[in-house]
């Protein structure tokens with residue numbers, strides 16, 4: 001009877017945590033729409049909408065060239081997946097006679113992304129149970145380690161942020177987590193061919209989502225080589241390659257163009273990138289500390305240490321821990337060698353680190369004998385872990401500072417005025433402001449790529465404009481120490497521009513659109529300045 005009550009308590013707790021995870025991921029998932037998109041969202045979402053409404057023409061007239069990706073920065077699998085979803089959704093609404101618009105389609109695609117973020121939660125609990133199967137047999141603590149992993153995945157603030165907009169990183173995290181589980185299952189029961197099929201297909205989809213997923217391939221091959229299972233390894237590689245080609249056919253058809261585009265991407269991002277430059281060799285360790293929060297990062301480090309001890313002891317789990325730790329290490333090394341810090345690039349290894357953190361928390365009584373101190377550590381860890389998620393409830397609102405600024409400027413700034421806008425967005429809503437003949441609307445996307453001569457993009461004379469609208473994120477980019485050191489003249493020019501605009505001598509701040517701190521999403525704050533009348 002006690003065991004049954006105990007089981008019910010766990011079911012209730014799991015249900016409540018999962019409901020909270022759903023709320024956090026869908027909370028104002030429409031943020032910014034229809035005026036403002038987030039990050040590279042349009043690069044995946046816009047092709048999906050385009051393919052949906054042009055597919056009939058493409059098939060009827062053989063215009064398959066219209067499916068060729070504009071860029072190979074991201075794989076085409078996410079766009080093709082979303083195309084299928086948008087087609088089914090729009091057809092269903094048309095049959096039902098329900099009117100919808102582009103915003104509805106964006107919310108649909110964001111919702112699919114959120115569902116994938118939710119799917120990672122039970123997958124992480126499964127990964128935990130695969131890695132620590134003996135815990136299933138411990139009386140009165142059944143699945144408690146897996147429950148901790150479930151909790152950590154459900155309430156991780158970074159997973160919540162990236163669930164709110166269309167991006168390849170959440171999709172990649174979902175796909176790779178499945179491959180981790182299938183490869184561990186294969187290692188335990190190598191005769192089950194289903195695991196080879198699943199691992200190969202999902203790995204192909206992962207590479208078809210972001211080509212950088214291929215950096216993990218040597219670790220997958222290691223598990224096959226450890227088993228001396230060359231036949232399964234060949235099958236895995238064949239399935240991976242075939243799946244990649246099916247989901248990215250033009251990468252195969254125009255292979256030379258694909259390789260050249262990849263080379264261009266590496267070259268472009270190999271130089272200084274003003275909005276994310278960071279030369280510190282430890283930048284991605286700090287990144288993981290930020291994503292996991294300090295205490296959970298420490299717990300994950302303790303879990304990693306214990307896994308290393310498993311490797312040294314030559315236990316049966318040694319190959320699995322080498323496989324998982326190798327994934328963490330290869331991501332850290334690969335991205336640390338670059339000159340950029342982009343925290344979301346670490347998402348694919350977050351499930352592994354959270355599983356190790358969950359195991360450390362599970363074994364905390366062995367680490368901290370004193371019960372009072374142990375409870376204090378756990379309580380503080382929970383509070384620090386939940387704090388960013390609570391902040392996000394405030395930050396994710398229907399209107400972002402950017403969309404609020406656009407609506408205000410549209411309704412209050414005269415159309416016959418000269419306006420200058422600095423933004424980080426290619427599709428900034430300020431482009432839609434009304435203009436009259438012989439007036440100037442200059443919306444400038446801040447160039448951040450050294451390879452695109454960003455260092456020569458000097459600001460205009462602000463005196464030419466009646467209004468200057470500044471977004472905080474691009475204005476902060478030139479203030480990075482790496483940019484100041486390498487391009488002092490460029491920095492001085494932008495400093496002088498900002499000084500002229502923000503000083504009360506020539507311009508006055510008439511409106512501010514801000515967000516709460518810490519700015520976790522992050523979004524730009526917007527400042528609107530008007531030229532003082534002489």
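A Cβ is built for glycine as well, from the same backbone N, Cα and C atoms used for every other residue.
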(request) Give the range, chosen from 69-88, 89-108, 169-188, that TrEMBL lists as transmembrane segment. (result) 169-188
(message) In TrEMBL, one of 194-224, 411-441 is tagged transmembrane segment. Which stretch would that be?
(response) 194-224
(message) Labelled transmembrane segment by TrEMBL, one stretch among 34-58, 284-308. Can you tell me which?
(response) 284-308
(request) Select from 345-363, 459-477 the stretch of residues annotated by TrEMBL as transmembrane segment. (result) 345-363
(request) Six or more residues out from either end of the transmembrane segment (320-339), which same-chain residues have a Cβ under 8 Å from its Cβ atoms? (result) 131, 180, 183-184, 187, 212, 215-216, 218-220, 222-223, 269-273, 277-279, 281-285, 304, 307-308, 310-311, 345-346, 348-349, 352-353
(message) Which residues of the chain, 6 or more past the ends of the transmembrane segment (169-188), have a CB below 8 A from one of its CBs?
(response) 77-78, 81, 113, 116-117, 119-120, 123-124, 126-127, 130-131, 159, 162-163, 195-196, 198-199, 202-203, 205-206, 209-210, 213, 216, 220, 223, 226-227, 232, 319-320, 323-324, 327, 344-345, 347-348, 350-352
(request) Kindly state the mean pLDDT of the domain 'ArnT-like N-terminal' (17-225) in the predicted structure. (result) 91
(message) For the transmembrane segment (194-224), give me same-chain residues lying six or more residues beyond its boundaries with a C-beta closer than 8 angstroms to one of its C-beta atoms, as numbers and ranges.
(response) 72, 74-78, 168-169, 171-172, 175-176, 178-179, 182-183, 185-187, 230, 232-233, 235-244, 246-248, 262, 319, 322-323, 326-327, 330-331, 334, 345, 348
(message) Below 8 Å between Cβ atoms, which of the listed ranges 12-29, 284-308, 345-363 makes the most pairs with the transmembrane segment (112-132)?
(response) 345-363
(request) Report, as numbers and ranges, which residues of the same chain sit near the transmembrane segment (284-308): CB under 8 Å and 6 or more residues beyond its ends. (result) 152, 156-158, 321, 324-325, 328, 331-332, 335-336, 341, 343, 346-347, 350, 353-361, 363, 367, 377, 380-381, 384-385, 387-388
